[in-house]
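K.L.:
Residues or ranges marked as domain 'UvrD-like helicase ATP-binding' by TrEMBL: A:6-291. The ATP binding site annotation in TrEMBL covers A:Ala27, A:Gly28, A:Ala29, A:Gly30, A:Ser31, A:Gly32, A:Lys33, A:Thr34. Under the heading domain 'UvrD-like helicase C-terminal', TrEMBL lists A:292-575.
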Amino acid sequence: MKNYLDELNEPQREAVEATEGPLMVIAGAGSGKTRVLTFRIAHLIEKGVDPFNILSLTFTNKAAREMKDRISKVVGANEAKNLWMGTFHSVFARILRVEATRLGYPSDFTIYDTQDTQSVMKKVLEELQLDKDIYKPKQVLHRISQLKNNLITVRAYHNNPELIEADAAAMRPKMGDVYRAYVDRCFKSGAMDFDDLLLRTNEVLTRFPEVLAKYQERFKYILVDEYQDTNHSQYLIVKALASRYENLCVVGDDAQSIYAFRGANIRNILSFQQDYPDAKVIALEQNYRSTKTIVGAANQIIAQNKDQLEKNVWTANDQGQTIPIYRALTDADEARYVASQIWELEINEHLKHQDIAILYRTNAQSRAIEEALRKRNLPYRVFGGTSFFQRKEIKDLVAYLRLLINQNDEEALLRIINYPARGIGQTTLNKLTVASGELDKSIYEILENIGQYNSKIGLNKPTSQKLNDFITMIKSFKVMLQNHDVYEVATHVAKTTGLIKTLKEDDTPEGISRLENLQEILNSIQGYVEEQKQLDEGDPSLSGFLENVALATDADNSDDDENKVSLMTVHLAKGLEFPAVFIVGLEENLFPSMMNLNTRQELEEERRLFYVALTRAEKFAQMTYSVSRFRWGKIVDSEPSRFLEEIDDKYLEWKNLNAGLPINKSGLNANLFEDDYSQVPKFERKKPEEKKPATPLKPKAGFKPVAQANIINQMNGESVELSAGKIVMHDRFGKGKVISLEGEMDNVKATVLFDNAGEKKLLLNFAKLKVIS
DNA sequence: TATTTGTGCCTTTTT
DNA sequence: GGCACAAATA
């Protein structure tokens, strides 16, 4: 227990022991930053600091849990349990449960997720009669998010001619009205969006000195992980809380700042020393994670960026293998290659599924990979994308529960008032909404006294009765909540509202899976209730559960013990490490993203993202790019990413540079499903030392009519040869005979004479033809 | 009113 | 190819 300090190197140890005063730790990738944070907290407790006085802000809730576990092992669970650890959003949501009433919010305020806010915004824009093609909900919300993260309130906005002008110049002169209406609407619904959680925390700390003093006293020691990714709002909260004792330790790596798009401000880390002139700064430069090859290649990448702090990450680890870079012909080929390499790694290097991660730039890329993994029977888990709690069937049930806690939650109410269908249509809802505005009462309040309003609103008897039935049902749930636990209520809700029945009627695979999801959420509610009942400070209440739902990140609820290959975006991979990592889709306009090519700053963030991806790898890293890819339903040609050029060839091993698309020999994409390309007509072999690898060696697109083409059999994914005379099957047209084939390489058209539908020209890329004989 | 069919838009990245 | 929204129909 005492010798934990011996497990640290010199700078790590220094960072752990410098407990008093401001400290910034610049931690290179893989340099043991989590270790430092963990031991530092343990050390504080060992020195006699009350865990109650320590606040630790992590990037995910999962990271917080893991750190807590590790601290428990050093100082004991009893000590560790009083630590405040979590993400900014979850910690300050907890604080706002106590303090938000000062700002006029209910303490059971709802947290609106992205879906909710978009839905609110659409209604706002409709009400203001603004063109939703100009005021695109997503863009407008992004703008508001920017404003909030810079603590520009509605009033501040209207007092700021510069901002108003900027929005006018961007063709959105009504931005201020939209902002006000959106904020009002959320407030009336007793709801906060993600940015509000930070903005309102700032507000409460600024407006109420006694609140500030309370939390300053409470959090005498503050630690912030991933400091490079904090935004201005978070920065100010930390600054305010730490200003009394200044026992603030921030840990970060400017080279890994990848959240500028959501307001992260790299200046927070770059200017720490100006904010705290007597701050101690410690750099952790020894990488314990990766091979020399990986560290060397990563260093070369990041060296291309201008905006960065000097540092020299090095490692004493083995040289390791060179990094293979596979040039794929299509995204399917890329996926197939990755799957086959995973097999090899598992056999030759004795890796388990869980040792392997596949990282990509966009969530959409997972599909092709998933398919290839399934074919190889490799179990996998996809992180991110539409998370469990975003699914419709889950949101429906949660909306009922939300309404029980916060009757003003209009999003929840409108979502479920007619789901499952109970004959309350759009017309009725419009009337209610109008009445709600005129009477300045929430829709729920109107419904509670529907008898007294229905003539004024203009509702007929049957409709009024339906509304009354609905509100009676909701009220009965509320009553039940008083003496039953959340699981019992949720189950009752799912049954009595007809949610389960509706899903049961749908026996398509999707319907069945939705029913399973509903079952799963009920199970997880039960699990949550049981778990919270066990804990001393557990909160088995419905509002506690709902907060978890709103702030759960996908990285949080992983089944750790499952042995599966991980698939995720590079963003989600931050802070993780794997023995083997595949980075796929290294192509121009994808990674770097086409959206981020306009300014140097944007491009540098993409480069940092690539740096993060590569530095996740311990022993084996591989990269792939494809010369063509399915995007927006079309095959798009692509070129290798510029980032590949930035790595010295001594670290790399270029693979499959010669494979082309031999349209004149055996047809389109003939060789996608074989590993042996030796039979394929060769393009000029490229020698890396002669030519920069990233210069695309694209096979020239052929424009000749083709005699044959290979299509991919929809059933088993195998390639099947197609030529004139073959009998094929089409979903809509039925059976038919191929008359001829024509067209360009990736754009082959087949003329088919169908038995019942006559002659059709079909694009092979789109028509799902099955070859019968 | 509810359900089905058709269309236009789309894609970064996430708390 | 997929999803959200609009129009068309029972």
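Just so you know, glycine gets a Cβ as well, placed from its N, Cα and C.
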K.L.:
Counting Cβ atoms within 10 Å of each candidate's own Cβ, which of the binding-site residues A:Ala27, A:Ala29 comes out highest?
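P.N.:
Top count of Cβ atoms within 10 Å goes to A:Ala27.
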K.L.:
Taking the centroid of the Cβ atoms of A:Ala27, A:Gly28, A:Ala29, A:Gly30, A:Ser31, A:Gly32, A:Lys33, A:Thr34 as the ATP site, which other residues of that chain lie with their Cβ within 8 Å of it, listed in sequence order?
P.N.:
A:Asp253, A:Leu284, A:Asn287, A:Tyr288, A:Arg289
K.L.:
Using a 10 Å radius around each Cβ and counting other Cβ atoms from all shown chains, which of the binding-site residues A:Gly28, A:Gly30, A:Gly32 yields the largest count?
P.N.:
A:Gly28
K.L.:
Restricting to the same chain and to sequence separations of six or more, state which residues have a Cβ under 8 Å from that of A:Ser31 (ATP binding site).
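P.N.:
Looking at Cβ-Cβ distances below 8 Å from A:Ser31 (ATP binding site), excluding near sequence neighbours, one finds A:Leu284, A:Glu285, A:Gln286, A:Asn287, A:Tyr288, A:Val313.
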